[in-house]
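Only one structure is covered here, and it is reproduced in the block below.
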Amino acid sequence: MPAVGIAVGGNKKEYPGNLTPFVTVTCIVAAMGGLIFGYDIGISGGVTAMPSFLKKFFPSVYRKQQEDATTNQYCQYDSQTLTMFTSSLYLAALLASLVASIVTRKFGRKLSMLFGGVLFCAGAIINGFAQAVWMLILGRILLGFGIGFANQSVPLYLSEMAPYKFRGALNIGFQLSITIGILVANVLNYFFAKIHGGWGWRLSLGGAMVPALIITVGSLVLPDTPNSMIERGQHDEAREKLRRVRGVDDVDEEFNDLVAASEASMKVEHPWRNLLQRKYRPHITMAVMIPFFQQLTGINVIMFYAPVLFNTIGFGSNASLMSAVITGVVNVVATMVSIYGVDKWGRRFLFLEGGFQMLICQAVVAACIGAKFGVNGSPGELPKWYAIVVVLFICIYVAGFAWSWGPLGWLVPSEIFPLEIRSAAQSINVSVNMLFTFIVAQIFLTMLCHLKFGLFLFFAFFVVLMSIFVYYFLPETKGIPIEEMGQVWKTHWYWSRYVTDEDYPKAGGYEMTKGGQGPKNV
């Protein structure tokens with residue numbers, strides 16, 4: 001198990017340490033692992049809006065699109081093969097994240113990141129040179145394997161390297177690079193779609209090699225985390241590395257705690273079986289519900305299919321790609337707001353404010369689209385002001401997501417899991433995320449065809465549910481050292497029935513449970 005405890009014992013500790021240039025650069029390079037995920041989300045929607053790409057691989061969709069504009073706009077992209085092209089990646093990422101858990105635990109975070117980069121690079125090459133649909137889908141599956149490895153290892157690497165006072169901001173660096181990846185992909189799609197000869201989509205898909213090479217080279221030059229070195233018995237090197245990472249000489253207390261944490265985690269033989277214990281009920285609930293709700297905000301629908309969606313609403317092909325660029329810019333800026341505010345305003349405030357903002361926007365967008373398209377999906381002429389209103393509210397919606405459920409969906413699970421179940425629980429988090437991304441991607445175009453503008457109301461319903469869930473069941477984790485997170489559940493009105501004083505005693509130090517199944521106090 002990766003040893004990522006910042007301190008062990010119930011007494012509140014603050015380790016000496018600064019946000020050094022070394023750790024800042026290291027975390028920036030590691031966070032680049034998010035680029036491959038973001039680039040892919042952005043590129044796939046844009047490519048599927050390019051007529052030349054559709055004509056070559058999905059002629060039935062192309063024909064539907066070219067038919068008279070009075071036909072049902074909601075259903076023009078409804079094709080199971082096209083959907084399989086987009087969503088096959090997420091099924092592959094789900095499987096890879098389970099394997100990545102073992103690699104991350106046994107061989108360290110760097111190797112997992114390297115695998116992620118190499119597999120993603122291979123998928124990008126196959127997609128760039130694709131001649132048939134099977135090549136596209138094979139490439140997507142390799143891209144998915146790459147994303148599974150990267151999404152498993154990068155958040156763990158960041159949480160091990162970051163000084164705990166800056167845990168929130170540095171961890172959101174991962175989400176920031178996802179949003180930058182989406183923006184870059186949208187900009188490239190806009191320009192590549194203009195290439196004469198209609199082969200721009202090859203550059204879009206093949207361009208995924210660039211973020212893949214960044215994370216591949218990055219994983220080779222990045223230092224190992226002190227935790228990873230301790231796990232492999234390199235104690236002297238780990239102490240030196242910790243001094244360099246923290247920028248101070250006095251690291252003995254933190255070093256000794258990391259060694260204790262590592263030794264305790266080594267005794268956990270069955271992390272997956274451990275997850276079923278009663279005291280981990282709140283952690284597993286969050287590992288499943290947070291990524292489940294994150295996907296049912298409807299954000300991936302907007303991001304994957306922004307160009308397709310805007311095209312359907314009645315913008316031209318180039319205009320729809322431009323609108324996707326605008327939403328990409330909003331995404332990046334709003335994520336920076338989250339980096340600024342997450343350790344000031346707290347996680348719950350951002351979750352609830354973001355939920356309220358998304359709910360209002362979804363209702364307005366549903367009303368706008370419903371008013372113009374009705375139920376039969378033929379809009380007639382669309383005035384310019386109407387298009388601007390739809391894009392404006394979709395941008396406010398994206399901003400709401402980008403400073404709440406976007407970054408916090410990765411941050412909160414990574415900071416609440418205790419040491420002895422961390423790698424296994426992180427795998428569940430990534431797997432649930434990918435499973436529901438797959439399901440939503442697989443059924444979205446069919447739902448758009450059948451639910452019409454009601455699709456936005458469908459997601460709005462889940463936004464209400466998730467806001468209620470956060471309000472009642474998620475405690476505030478701002479400014480709480482990881483080793484004291486147990487106290488949060490113990491004092492919660494609901495979770496206190498599962499987590500007792502026995503599980504998290506107030507006295508400092510590790511106590512081994514019966515049978516050596518790991519620390520009681522984490």
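We count from 1, first residue shown onward.
Glycine is treated like the rest: Cβ placed from N, Cα and C.
Bear in mind that TrEMBL entries carry predicted annotations, made automatically and left uncurated.
Lifted from TrEMBL, the feature list:
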- 26-478: domain 'Major facilitator superfamily (MFS) profile' (DOMAIN)
- 19-39: transmembrane segment (TRANSMEM)
- 87-104: transmembrane segment (TRANSMEM)
- 111-130: transmembrane segment (TRANSMEM)
- 136-158: transmembrane segment (TRANSMEM)
- 170-193: transmembrane segment (TRANSMEM)
- 199-222: transmembrane segment (TRANSMEM)
- 284-308: transmembrane segment (TRANSMEM)
- 320-342: transmembrane segment (TRANSMEM)
- 349-373: transmembrane segment (TRANSMEM)
- 385-406: transmembrane segment (TRANSMEM)
- 427-447: transmembrane segment (TRANSMEM)
- 453-474: transmembrane segment (TRANSMEM)
What residues in the same chain, six or more past the boundaries of the transmembrane segment (320-342), come closer than 8 Å to it by Cβ-Cβ distance? 42, 45-46, 49, 168-169, 172-173, 175-176, 179-180, 182-183, 185-187, 189-190, 193, 302-303, 306-311, 350, 391, 394-395, 398-404, 406-408, 411, 478
Among the ranges 87-104, 111-130, 136-158, 385-406, 427-447, the one whose Cβ pairs under 8 Å to the transmembrane segment (349-373) are most numerous: 385-406
Long-range neighbours of the transmembrane segment (427-447), counting only residues six or more past its ends (CB under 8 A): 77-79, 82-84, 86-87, 90-91, 93-94, 97-98, 100-101, 144, 147-148, 151-152, 275, 284, 287-288, 290-292, 294-296, 300-301, 304-305, 409, 413-414, 455, 458
Positions on the same chain near the transmembrane segment (111-130), where near means CB under 8 A and six or more residues out: 30, 33, 36, 57, 96, 100, 103-104, 136, 138-150, 152-154, 157, 202-203, 205-209, 211-220, 222
Can you give me the average pLDDT across the domain 'Major facilitator superfamily (MFS) profile' (26-478), rounded to a whole number? 84
